[in-house]
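*Asks:* Below are the C-alpha cells for one structure; questions will follow.
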C-alpha cells in the first residue's frame, strides 16, 4: 500500500480525510466516503474488513484453495484427452472447450492465491486493473471464463435439444459454428467489459467488474444466454416427459408387430414407444452433459444475481451515504471497533454465508467436471501409459522357419508361402463377360497351368504305360470343329457327298468315344 497522505487527517478515527490523498491512482470510485461538515471522510480500505468478521478472509482463502484443486482436476481431464486414446476417454470438443472455460475461470481465483496482492492503492482507494497487474489478470480470467462457460453450456444444450427433439445429427457445420460462437462471443464480451467498466478489488483478493456500465456490457448479455440455456434445457425435458407419457398410452402394436421395416427416420412415422426408446438411448449417453449444464448454469445465475445485488447495494450507499448513518455512527462512537458494529453493517451488504456459498460453488465447477466427464478408464489408461516403457511385449512362439520372413512377407507365417516368386492361380478360372455377336464356343481351349505349391513334394505323374491288352486310346483330330461335322452330317443326303459323310461319321464316332472314356 502506498503512503500518499499530503496533510493532517481532520476526520475522527477510523476514517480518513479524502483531501490528504491524490485524486488519481487506483479505483477512485471504489472509495466509500461521506461528507461531514466541510470535510469528506472515507472508510479505510478494504471495505470488506469493516463489514464482515475476521473469518471472512479465511473463507475466501478456502475458496481459492478449492479453486486450485478444481484447477488440477481440469488439467487432469485435458491431459487425459490429449494423451490417452479416445476409447479410454470418450472425448468430445464440447467437453474439451467447456473444461478450458472452467480452467480460465478458476485461474481468476488461483492467481491471487499465488501472488498475494495488495488490495489497496492507498489507505482509502482500492487497486484497479491499471495499478495492479494481478488485479487485471484475475479479473480478466474470471470474466472470460464466466463468459466462455455460459456460451459452451448454451451450445451443449442446443446440441442436446437438436438431437433429442429434432433428430438432427450435429456434425462439422455445427462444430465450426460452435467454435466461432463459443470463443468469439466471450472475447467480444470481455473487450467491452474491460473498456467500458474495468475491474478492481471489490471484495476479497479477487478483482471483479466495476459498477459503471456493467449491466449493459456484461451482466445483461451474460444472463440472456444463461436464460436461453435454461429455456432450451427445460423445453428438452418437457419433450422427454411428453414422449414418456405417450409411450405409456401406446399399446405397442405398431412397434412390436411384424410389419415390414420402414426406412424413413421421421418422427411422424415412428410410434410413441419407438420415439421413447430413441430418446431414452440419447439421454443414457448424454446424462452427464445434461447434469453439468444444469450445475454450471445454476452457479452462474446464482453468482450473477448475488453479485449484481451486492453491487447495487454498495453503490446505493456510495450515492446516498445517509443510508449508512447508523453504521457510521457506531464506528464513530466505538472508536473504530468494527466487531461491535456488524449488526448495523449487515443491512448494507450480502450476508457472509451467501457470499461464501457463491465463491465455493464457483470453485467446485472443476470437480463437477471430473466427476461427470471423467471416466474410470482414464485411470487405467494412465497406468498402462506409465507401465508401457517398463513392460516387455510378449512375443508369440512360432517355428524358426516361420519367423525368418514373417515381417517382410506376412503370407509366410507358419510356412504358408516363403517363395514370393511363386504365382498363385485360382482353382476355377474367373468368369468372362459375354462378348457381342455370335461366336463359336471354344470346346477344346487350353487348360489351366499346374503350379506346384511351395514346399510340396508331390507333382503330377505321367499316365502308366499302355500294355498290350489295354484298349486303344481314341484318336481325334485337334483341328476338327464339331459344328463343321454337324453341317456335313446334315448334308449327307446331298449328291456327291457319300465319301465325305462316311468319313465324317467315323470322326464323330471317335470324338464321342473319347468323351465317353473321359467321363
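Cβ coordinates come from backbone N, Cα and C, glycine included.
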*Asks:* Identify the transmembrane segment range according to TrEMBL, selecting from 42-61, 62-81, 242-261, 262-281.
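*Replies:* Based on what TrEMBL states, transmembrane segment spans 62-81.
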*Asks:* Can you dig out which of the ranges 9-29, 135-155 TrEMBL describes as transmembrane segment?
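*Replies:* My reading of TrEMBL: the transmembrane segment range is 135-155.
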*Asks:* Where among 135-155, 218-241, 353-373 do we find the most Cβ pairs under 8 Å to the transmembrane segment (62-81)?
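*Replies:* That would be 353-373.
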*Asks:* Could you pull out which residues elsewhere in the chain have a CB under 8 Å from any CB of the transmembrane segment (218-241), counting only those six or more residues past its ends?
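*Replies:* For the transmembrane segment (218-241), the far contacts come to 143, 146-147, 150-151, 153-154, 157-158, 160-161, 164-165, 185, 189, 192-193, 197, 209, 279, 283, 290, 293-294, 297, 300-301, 304, 308.
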*Asks:* What residues elsewhere in the chain lie close to the transmembrane segment (93-115), defined as a C-beta under 8 angstroms and at least 6 residues from its ends?
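*Replies:* Same-chain residues near the transmembrane segment (93-115) but 6 or more away: 61, 63-65, 67-68, 70-71, 74-75, 77-78, 81, 134, 137-146, 148-149, 151-153, 155-156, 159, 175, 178-179, 182-183, 186, 204-207, 289, 292, 296, 359, 362-363, 365-366, 369, 373.
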